[in-house]
Amino acid sequence: MATAGPRSFSAAEVRARCAQGACLVSCRRRLYDLSGFVRLHPGGEQLLRRRAGTDVSAALDGPPHRHSENARRWLEQYYVGDIEPGDEQSGLCFSPGAMPHYNPCVLPQDLVDWQKPLLWQVGYLGEKYDEWVHQPVDRPIRLFHSDFLEFLSKTAWYVVFMVWTPVVLYLSWVSYTSLAQGNTRLFASFTTEYSIPVHKYYFPFIFLLGMILWSLLEYLIHRFVFHMKPPASNYYLITLHFLLHGQHHKSPFDSSRLVFPPVPASLVIGFFYGVLRLLLPEVLGLSIFVGGLCGYVIYDMMHYYLHYGSPKKGTYLYGLKAYHVKHHFEHQKSGFGISTRFWDYPFQTLIPEETFKKED
């Protein structure tokens, strides 16, 4: 049975739909419905809506910023049909001179079966995995055959806040009251004569130190673990990479996979608590730990907001969102800071400023 060809739309029909609230744009007569994506647009919803009913071919390489190859592939997911011949000159389209090097008419055939769990498929991609995983798509991901394991691998953003905020508050109170007893001293296991007392007034600074150490740990894990390039011949390392972070780069707007689910997170958090208990006096280690745990909660909330929030143009969060989107779509080997760009400076992994052009 022959499949139907793409539908044709008149310029009048496109304008009518846009007037009703739809966000339709065209590129060389190809029409795209971005209504479901408009709120997530990195440049802001209003910027994208201003282009509704217009041709965006020039905008892909021009203002407000140059779009990456991945952004152009991303656009193809929303293809709904073609503009009727002759309507290109009706005011719907702009100059067709952009993107001479890119053919938007054909999407590459995917290498996996999206109707089946992906986790056990990606290891077979071999040398094709790294390129595949860094070509993002807008669709949900299923990892496991088991509904129970699948449930444990996903979570809503507010669950992280609801689970860990009470823990942070309780452990902060325990740390402060324990320090107030005046029994905590540094280096007491080596010498009593030169040991240093740790007063309760130091708690806010120790807490802040924990947050700073978390931000460094966040950077190091993101760069050296999440963005390792697994050997093409190693099925298990490819599978592990996809489980840890590759899934997020493949589907960056899967809302159920933007924060760390509490059950696996508790195992990792417990490990770091154990390390601090071994290295530092109990109360001091706990004080640093609770600061780091607070930093983690802020990080996860920030990460979700950078994907789903709509920060006001010109604000710090607006710039941070644009920075993080660049990391996903164009600069996967730099821009590892999420809650802050700070560590990208000393480690020289900052995304070049020239890749960001001033918006109209």
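The chain as shown is numbered from 1 upward.
Note that Cβ sites are derived from N, Cα and C of the backbone, with glycine treated the same way.
What TrEMBL lists as heme binding site is His41, His67.
For His249 (Zn(2+) binding site), the same-chain residues lying six or more positions away in sequence with a CB closer than 8 A to its CB are Val133, His134, Pro136, His328, Gln332. Per TrEMBL, Zn(2+) binding site is recorded for His222, His227, His245, His248, His249, His303, His307, His324, His327, His328.
Neighbours of His307 (Zn(2+) binding site), defined as other CB atoms within 10 A of its CB across all chains, total 19. Taking all protein chains in view, 23 other C-beta atoms sit within 10 angstroms of the C-beta of His327 (Zn(2+) binding site). Annotation for His245 (Zn(2+) binding site): same-chain Cβ neighbours under 8 Å, separated by at least 6 residues, are His222, Val225, Phe226, His227.
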